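Quick notes on the structure that follows.
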Amino acid sequence: MLVKTLYYRLVEGTFAKAMLVLDEKGTLYYASLGEDSNALRETLVTDFASKQRQFQLKPMVTLSNHERADYTALCFLKLMEEEEDWKNEGEESLQQKGAKRIPIEFIFGTELQRKVWQQLLEIPVGEVRYYGNIVEALGLPKSASRAVGNACGANKIALVVPCHRVIAQTGKLTGYRWGLATKKQILKMELGDAYTTLVSE
């Protein structure tokens, strides 16, 4: 089996650092959030441990031409900017545009989880969905809410695949792979004044 080389890079936004994994074309395969660079590196190694036969990871600086990867990283940083930096730019915010400009590829997850992640891509900035909404959109039985929740928790492409926009029917913020405090901060940034109406703390 041919082993594909992917490149990792650490970037720093206004509320967190992010570990990104991309290919030479700028396609994003992985994005993890955190405050500690060493912890992000350790998580990267752990998350890719089961993928060693398919992928090898190298630092981005080893890529001779990383112009496309740099562009993707720049677009990702737009997703990490404070609200006032992006909320007013015509019909679409910089945040929304940034997400649309980032090509992604799923290499983790089950078939169902990938279907859930694909559905999450349909949630616009400034809106939230309940787990039940995702179940209904995918035509799954109502009992699948837990599976949808697990899929959100298994997402390994932070922000671009917006699992942070899925909340409980009560409006309560439930688990988030990168911490509830981070989920809260992102939603406050995206929802603005609507946060207190849509989210119950």
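Including glycine, each Cβ sits where the backbone N, Cα and C put it.
In Swiss-Prot this protein carries:
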type	residues	note
BINDING	Tyr131, Gly132, Arg146	DNA binding site
ACT_SITE	Cys163	active site, nucleophile
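Annotated features taken from Swiss-Prot, shown on the structure.
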residue : record                   : DSSP class
Tyr131  : DNA binding site         : helix
Arg146  : DNA binding site         : helix
Cys163  : active site, nucleophile : helix
Q | Under 8 Å by Cβ from Cys163 (active site, nucleophile), same chain, sequence gap 6 or more | A | Trp117, Leu120, Cys152, Gly153, Asn155, Tyr176, Arg177
**Q.** Additional residues surrounding DNA, by Cβ distance to the Tyr131, Gly132, Arg146 centre under 8 Å
**A.** Tyr130, Ile134, Val135, Ala144, Ser145, Val148, Gly149, Gln169
Q. Which of the listed binding-site residues (Gly132, Arg146) has the least company, meaning the fewest other Cβ atoms within 10 Å of its Cβ?
A. Arg146
Q: Taking the Cβ of Tyr131 (DNA binding site) as the centre, count every other Cβ atom within 10 Å, in any protein chain shown.
A: 21
